[in-house]
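Student: Before I ask anything, here is the structure I am working with.
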Amino acid sequence: MAEAGPQAPPPPGTPSRHEKSLGLLTTKFVSLLQEAKDGVLDLKLAADTLAVRQKRRIYDITNVLEGIGLIEKKSKNSIQWKGVGPGCNTREIADKLIELKAEIEELQQREQELDQHKVWVQQSIRNVTEDVQNSCLAYVTHEDICRCFAGDTLLAIRAPSGTSLEVPIPEGLNGQKKYQIHLKSMSGPIEVLLVNKEAWSSPPVAVPVPPPDDLLQSPPAVSTPPPLPKPALAQPQESSPPSSPQLTTPTPVLGSTQVSEVACQTSEIAVSGSPGTENKDSGEVSSLPLGLTALDTRPLQSSALLDSSSSSSSSSSSSSSSSSGPNPSTSFEPIKADPTGVLDLPKELSEIFDPTRECMSSELLEELMSSEVFAPLLRLSPPPGDHDYIYNLDESEGVCDLFDVPVLKL
């Protein structure tokens with residue numbers, strides 16, 4: 001048997017075993033992958049760059065790297081690097097990570113302490129508010145506020161929402177500063193309240209800003225009228241009935257309350273007249289006891305009764321009235337009194353009821369309306385309905401234009 005001779009050396013240009021190893025190919029592939037843009041590498045381009053004839057070896061490398069989580073497949077022949085770059089696994093980063101974890105633990109411990117203190121404070125507030133002895137003292141009096149600001153003037157301001165407040169710089173005059181507060185509201189009035197410092201003093205008064213003109217002027221002195229003399233009672237006489245039937249109203253008699261305020265006793269209005277008195281002025285009162293003003297008490301007449309005027313009805317009513325006598329249920333109407341027995345009216349009252357006078361002064365009208373003689377006022381017209389105020393007025397028109405009321409020059 002012949003012995004084998006020595007093996008011939010490989011031809012020049014043939015790669016060595018080390019150069020064909022899988023470890024060296026993996027190192028070159030990872031370096032190429034890290035140099036790729038955004039870590040994305042095409043496997044065909046990598047095989048051409050590394051001069052790998054068998055792509056099977058490239059696929060073996062990508063399968064191992066994908067298994068340990070360093071790369072991921074983007075498409076069939078494209079992969080992307082996921083691992084950290086060089087210099088990331090240093091000692092400084094590890095120490096920084098340990099420091100951040102310790103800081104997180106400390107912050108969590110402080111958060112737990114704050115939560116515990118919050119629970120304690122809430123429980124303390126609940127204990128104070130729910131205490132029976134403290135519930136009756138849950139307020140502050142104005143004495144407590146004044147005690148805190150002794151020697152100062154306290155003003156309580158109540159203003160609507162949206163009020164603007166301006167406090168200019170105080171100006172010093174002779175060593176004293178002058179403070180000013182400017183309040184402006186577009187939605188409603190502003191009320192300024194002076195806080196009472198003494199409990200025994202009068203209650204505070206709310207004054208609007210600016211104060212009205214009537215508060216700046218002193219109120220007029222009220223004069224008390226002198227006591228009136230007691231009137232004398234007169235005997236009523238029989239009067240002739242009117243020439244035509246009329247709807248009459250009973251003569252008003254003052255109540256006990258009003259009479260007691262004027263003359264301290266009750267009295268009646270006596271009417272006297274003569275049979276020959278005309279019916280034209282039959283509604284006037286002959287005498288005015290207790291200082292009352294002369295009122296026009298003419299009875300109401302219907303238009304139908306005024307048209308049917310006959311002398312026969314007048315004579316028949318006169319005979320029946322004289323035969324039957326006065327009926328207590330019948331309402332007698334006042335007639336004109338004897339001119340000799342009429343009291344002279346004062347000058348003021350005669351000027352008031354003068355028919356030739358155009359109008360009365362506003363002061364005299366207010367005085368009459370405030371007296372007890374003309375109060376209370378009775379509404380003669382029906383109450384306003386839903387269709388009474390359905391008209392609109394221009395900016396240049398007023399209430400007088402709506403109701404056709406002439407403007408009086410008082």
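Backbone N, Cα and C define each Cβ position, glycine as well.
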Student: Pick from 126-129, 150-153, 298-301, 386-389: which range does Swiss-Prot record as motif 'HCFC1-binding-motif (HBM)'?
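Tutor: From Swiss-Prot, the annotated motif 'HCFC1-binding-motif (HBM)' range turns out to be 386-389.
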Student: Just to confirm what the record says: which one of SER240, SER244, SER381 has phosphoserine annotated in Swiss-Prot?
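Tutor: Record says SER381.
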Student: Quick one: mean pLDDT on the region 'Leucine-zipper' (43-65)?
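Tutor: Across the residues of the region 'Leucine-zipper' (43-65) the model's pLDDT averages 84 on the 0 to 100 scale.
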